[in-house]
Amino acid sequence: MRIAILSRNASLYSTRRLVEAAEERGHEVDVLNPLRCYMNINARESSIHKHGKELPHYDCVIPRIGASVTFYGTAVLRQFEMIGSYPLNESVAISRSRDKLRSLQLLSRKGIGLPTTGFASQPQDIPDLIDMVGGAPLVIKLLEGTQGIGVVLAETRQAAESVIEAFMGLHSNFMVQEYIKEAGGADIRCLVIGDKVIAAMKRQAKAGEFRSNLHRGGSASLVKLTPAERATAVKAAKTMGLNVAGVDILRSNHGPLVMEVNSSPGLEGIEQATEKDVASQIITFLEKNAKAHKTRTKGQG
């Protein structure tokens with residue numbers, strides 16, 4: 001197969017591993033910076049160009065699109081879908097998963113366990129918003145944040161009110177969530193491919209920190225999932241419409257709770273923690289499933 005990987009940095013661990021895994025199986029791989037791709041959209045024959053030349057046809061596309069370039073990156077991916085390339089994750093599903101509030105609304109509709117979450121825009125609603133999620137301590141998250149940036153633990157009601165007022169004053173979109181104390185600063189990253197969890201790791205926050213992101217100094221270790229955790233992760237990925245996803249779960253006293261569904265999960269932490277070849281399993285999925293115009297939206301966007 002001819003495979004395109006949409007990535008702004010060919011030297012990133014995840015991108016390198018996907019290239020290695022694909023080439024080991026005899027596939028031809030090109031790493032394309034989505035910001036350097038541009039589109040010709042017309043009624044006769046749409047195309048994608050780079051450096052003044054039309055790109056060749058790719059059998060499938062692996063999107064590794066950063067959160068900061070979601071709009072343009074998904075537009076490029078959508079163009080690939082329109083001309084018949086099979087996307088590992090579809091543009092619609094990526095856009096859906098990048099909207100944290102929309103994701104939680106979709107997951108809640110399917111009855112998937114979540115931390116109680118509140119969303120409001122007016123200062124007069126702050127007291128009720130805090131009560132809605134069980135009072136302090138509580139977690140306040142900017143909707144645009146990634147890798148733990150823009151996530152605040154407010155340990156008292158006064159602190160919560162101050163942070164919420166500040167975010168409202170800055171006209172930032174944020175949500176308020178109950179704090180799951182029993183999780184102990186740990187979460188579980190489940191790597192879902194198709195309808196299976198193929199790898200899982202426990203991420204533990206460093207001392208004095210509640211965010212378990214590896215980018216924030218958290219540590220990763222192997223973890224054994226319960227059947228409920230496994231089923232929750234698969235159902236969450238399926239609800240988002242993602243073929244490959246990193247599903248972040250908290251262990252609570254009332255079962256697994258989904259924190260986030262990531263459409264472009266990093267491979268380094270989970271491959272090192274589990275010693276599993278995740279990249280090759282992604283390529284295997286493409287070999288079995290990649291067919292022209294085979295998308296849930298039939299390439300219609």
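Cβ coordinates come from backbone N, Cα and C, glycine included.
Here is what Swiss-Prot records for this protein:
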DOMAIN    104-287  domain 'ATP-grasp'
BINDING   LYS141, GLU178, TYR179, ASP187, ARG211, SER212, ASN213  ATP binding site
BINDING   ASP248, GLU260  Mg(2+) 1 binding site
BINDING   ASP248, GLU260  Mn(2+) 1 binding site
BINDING   GLU260, ASN262  Mg(2+) 2 binding site
BINDING   GLU260, ASN262  Mn(2+) 2 binding site
| message | Checking the contact step here: among the binding-site residues LYS141, TYR179, ASP248, which have a Cα within 10 Å of the Cα of ASN262 (Mg(2+) 2 binding site)? | response | ASP248
| query | Rounded to a whole number, how many Å is the Cα of GLU260 (Mg(2+) 1 binding site) away from the Cα of ASP187 (ATP binding site)? | reply | 11
| request: Work through the binding-site residues one by one (ASP187, GLU260) and point out the residue whose CB has the fewest other CB atoms within 10 angstroms. | output: GLU260
| remark: Listed in sequence order, the residues of the same chain lying six or more positions from GLU178 (ATP binding site) whose CB sits under 8 Å from its CB are PRO115, THR116, THR117, VAL133, GLY134, LEU138, VAL139
| request: Compile a sequence-ordered list of residues in the same chain as ASP248 (Mg(2+) 1 binding site), six or more apart from it, whose Cβ lies below 8 A from its Cβ; state 'none' when nothing qualifies. | output: ASP187, ILE188, ARG189, CYS190, VAL258, MET259, GLU260, VAL261, ASN262
| message | Limited to the domain 'ATP-grasp' (104-287), I'd like the whole-number average of pLDDT. | response | 92
| query | Tell me, how many other CB atoms lie within 10 A of the CB of LYS141 (ATP binding site), whichever protein chain they belong to? | reply | 22
